[in-house]
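Sequence annotations record features per position, and here TrEMBL assigns pyridoxal 5'-phosphate binding site to Gly108, Ala109, Phe141, Asp226, Glu227, Val228, Gln229, Thr284. The N(2)-acetyl-L-ornithine binding site annotation in TrEMBL covers Arg144, Thr283. Positions annotated as N6-(pyridoxal phosphate)lysine by TrEMBL: Lys255.
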Amino acid sequence: MSVQHDPVQRADFDQVMVPNYAPAGFVPVRGQGSRVWDQSGRELLDFAGGIAVNALGHCHPALVKALTEQANTLWHISNVFTNEPTLRLAHKLVDATFAERVFFCNSGAEANEAAFKLARRVAHDKFGPEKCEIIAATNSFHGRTLFTVSVGGQPKYSDGFGPKIQGISHVPYNDIEALKAAVSDKTCAVVLEPIQGEGGVLPADLAYLQAARELCDKHNALLIFDEVQTGMGRTGELFAYMHYGVTPDILSSAKSLGGGFPIGAMLTTTELAKHLVAGTHGTTYGGNPLGCAVAEAVIDVVNTPAVLDGVKAKSEQFKARLRAIGEQYGVFSEVRGLGLLIGCVLSDAWLGKAKTILDAAAVEGLLVLQASPDVVRFAPSLVVEDADIEEGLARFERAVAKLVNA
Ligand SMILES: *Cc1c(COP(=O)(O)O)cnc(C)c1O
């Protein structure tokens, strides 16, 4: 029996919420697979995936089962104790990656916060306080805490909040010479997204990541990959570093890790992890049994040849159709990305209009994202059905056709 709730509408948002978001005019109430329904009962196909979070769509049976079983078992116990779902998930992440140690938290920003603090702590312990500089990329995004906006390369997110965290510099992405010029013996870490997600779905060049690895090794700096958006199967490999064959020292994960349940993780080696001794870092909810139980189910489903190969095949299906739409209507200059993180770069005539396109798509019954005002981004479920891809892209084409012919 469902509980009777007081009725609420989109207009309530403007009455009771802090206005830091500008949500769509309709309110989704239910989701199943790659579909959601709003309050009026209207059905929409979801290629936004909750911003690359719903890796297995909505209400995937394996995740519902893991969550409800855990909900009937143990919700929260704190890190004064450990718990079984945490230990099982950590084992699975360690078995599947370069990492030997895991720190759990609740979001991507917190995973990066832990990564940056670890990098500084390691450098401080081994080389002294001078070695504290972090090199990051222009246009990068690493979260919204003060440390992570300071490291992120988008001043619109970091300006106007008082003094920023010091010792951070930004270099143009994919520019090897600029990175070479910036890294020194004072560098404690280089932080990169293997594909810049929020910045416009811009993949790193292989040579760039290789150069970053070499420079870090030469200067005793740590290489941090922010895989919050690119991880957990999104690119067709469990993590994007596997696609490139360049291994970081520290990796941050969140978003798809929980498939819609909040969880983040920082992965690293034993050698580095030992610098975060008991008491140096922590968070109340980190390693929460509910989140870890769901994430365990996510990794069990995602880290299989069937799902990862499926991502690669679906990627081709998306890209072929999107390139055809781009050519027919002259809206895209490029369709890029890896796996099911796809960015359609708008042509000159459409620059700045990504929001217009995603609003038009919603009218046709399709949820998509933007990544900067110049890129339309697709981050659907990794198990989106082929028929849903066709139907969703037909809706997308209708939206584009209407805009072009308007
Ligand atoms: C979304 C994102 C973050 C921040 O994650 P939150 O869970 O919103 O804190 C950090 N880095 C990247 C690359 C992201 O895409």
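The backbone N, Cα and C atoms fix where each Cβ goes, glycine too.
Close contacts with ligand 1, defined as a Cβ under 6 Å from any of its atoms, occur at Ala109 among the binding-site residues Ala109, Glu227, Thr283, Thr284. Annotated pair Arg144 (N(2)-acetyl-L-ornithine binding site) and Ala109 (pyridoxal 5'-phosphate binding site), C-alpha to C-alpha distance, rounded: 6 Å. For the pair Lys255 (N6-(pyridoxal phosphate)lysine) and Thr284 (pyridoxal 5'-phosphate binding site), the Cα-Cα distance reads 19 Å. A C-beta separation below 8 Å, combined with a sequence spacing of at least six in one chain, links Gln229 (pyridoxal 5'-phosphate binding site) to Ala52, Gly108, Glu193, Ile195, Gly197, Glu198, Lys255, Leu341, Ala379.
In the structure shown, across all protein chains, Thr283 is the one of the binding-site residues Thr283, Thr284 with the greatest number of other Cβ atoms within 10 Å. Annotation note: Gly108 (pyridoxal 5'-phosphate binding site) sits in a helical segment as assigned by DSSP. Between the farthest pair of Cα atoms in the pyridoxal 5'-phosphate binding residues (Gly108, Ala109, Phe141, Asp226, Glu227, Val228, Gln229, Thr284), the distance is 25 Å. Of the recorded residues, Phe141 (pyridoxal 5'-phosphate binding site) and Thr283 (N(2)-acetyl-L-ornithine binding site) place their C-alpha atoms 22 Å from one another. Counting only same-chain residues at least 6 apart in sequence, those with a Cβ under 8 Å from the Cβ of Val228 (pyridoxal 5'-phosphate binding site) are Gly108, Ala111, Asn112, His142, Gly143, Gly197, Ser252, Ser253, Ala254, Lys255, Gly264.
Long-range neighbours of Ala109 (pyridoxal 5'-phosphate binding site) (same chain, six or more residues apart, CB within less than 8 Å of its CB): His142, Gly143, Arg144, Thr145, Thr148, Gly264.
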